[in-house]
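Swiss-Prot lists Tyr22, Tyr25, Tyr31, Tyr39, Tyr51, Tyr77, Tyr413, Tyr414 with the feature sulfotyrosine. Taken from Swiss-Prot, the feature repeat 'LRR 3' covers 142-164. Sequence annotations record features per position, and here Swiss-Prot assigns repeat 'LRR 5' to 187-207. For 213-233, the entry in Swiss-Prot reads repeat 'LRR 6'. The annotation repeat 'LRR 10' is assigned in Swiss-Prot to 301-322. Annotation comment: Swiss-Prot describes 331-353 as repeat 'LRR 11'. Swiss-Prot lists 1-20 with the feature signal peptide, giving sequence analysis as the kind of evidence.
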Amino acid sequence: MGFLSPIYVLFFCFGVRVYCQYEAYRWDDDYDQEPNEDYDPEFQFHQNIEYGVPFYNNILGCAKECFCPTNFPTSMYCDNRKLKTIPIIPMHIQQLNLQFNDIEAVTANSFINATHLKEINLSHNKIKSQKIDYGVFAKLSNLQQLHLEHNNLEEFPFPLPKSLERLLLGYNEISILPTNAMDGLVNVTMLDLCYNHLSDSMLKEKTLSKMEKLMQLNLCNNRLESMPLGLPSSLMYLSLENNSISSIPDNYFDKLPKLHALRISHNKLEDIPYDIFNLSNLIELNVGHNKLKQAFYIPRNLEHLYLQNNEIESINVTMICPSPDPVHHHHLTYLRVDQNKLKEPISSYIFFCFPRIHSIYYGEQRSTNGETIQLKTQVFRSYQEEEEEDDHDSQDNTLEGQEVSDEHYNSHYYEMQEWQDTI
């Protein structure tokens, strides 16, 4: 037995060696294969979380009252959820949607970790000025857009961060605008204050002048009786509809050389300087629903002019276009003059001075006895270039008998030049 023991030991060692070589060959063969570059695990697992839960969702987090889509991990949607308070905002969130809720207060505690916020939408809530914690927005150093329209604000929210670019405060009850409210807002390009209670005393000369990058200012439906002073020269779009403005000072627009569109309809304008709108960049001008008795000089680059619902009895072409240039044509393409007191159509000479006109809308005119009359006229394009004629062959030149509402033309007006999309 002692003699066989060494032999058994040798056989055993040899067998073990062969088996190990075989097993090594099998595993080496498996791992020598080329890796699958298309392989992308659906989840990344962490030792401290439960299996089957996405790794990034647990790390980044989302308020339980809200929804954070996986394809937009930095956005949090809390809109239309009947919320009364703002939930705690996780640090990674950049876009916060809280519109259409019942929120009354904005507390600093909700934003204590929200250092990366770029856009906040708190529109259509019940927020009051006295229930906004002081400085809650100013601490958000990355904030670019703030929506607070359709709330119950009585005062301009102050202070605000320097990073802010778009501020929407329409449809509130704002009547107080502190002189230093705009201090530091050097990057704001769009400010909407329509449908508030602002008076002339709140818009002092230096209130808006420091906003050096402001391009769009909406002050429609307030309580203004005069043109706002101290507007920055960067302004391109100015909305002043539905106020009580009765006059425009001489040379008022000299400091606004970049102005592209001016809306000052539904005011009390009567007499304005003849060449007050002589601006080289002005494209759209709406002075409808005022008390103007005569037309004015039309600048060369103006394309859309709205004169409806005034007191104009006649339009002298030589007055609106004193020196036609056959080389550098005026750009006017659309003119609306309905609901005035015109007794006859504008002279056909207008098409020589404005060869690009596509249509003149006369609609109904008001007579001295209060009745309405319909002018019998057609719009001709005899001075247009041949290509323009070909493009419009299929259109009807006759405007007779058409009824055009303000809403219809306002919508068209916005389609032609959507202000907010240009900013």
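From the backbone N, Cα and C atoms, a Cβ is placed for every residue, glycine too.
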Next item on the list: Could you name the stretch, out of 142-164, 187-207, 301-322, with the greatest number of CB pairs under 8 A to the repeat 'LRR 6' (213-233)?
Entry: 187-207
Notebook entry, point to check: Tell me, what is the mean pLDDT of the repeat 'LRR 3' (142-164)?
Noted result: 98
Check: Is the repeat 'LRR 3' (142-164) packed against any residues at least 6 beyond its ends, judged by a Cβ distance under 8 Å, and which are they?
Finding: 94, 99, 115-130, 132, 135, 170-178, 180-181, 183-188, 192
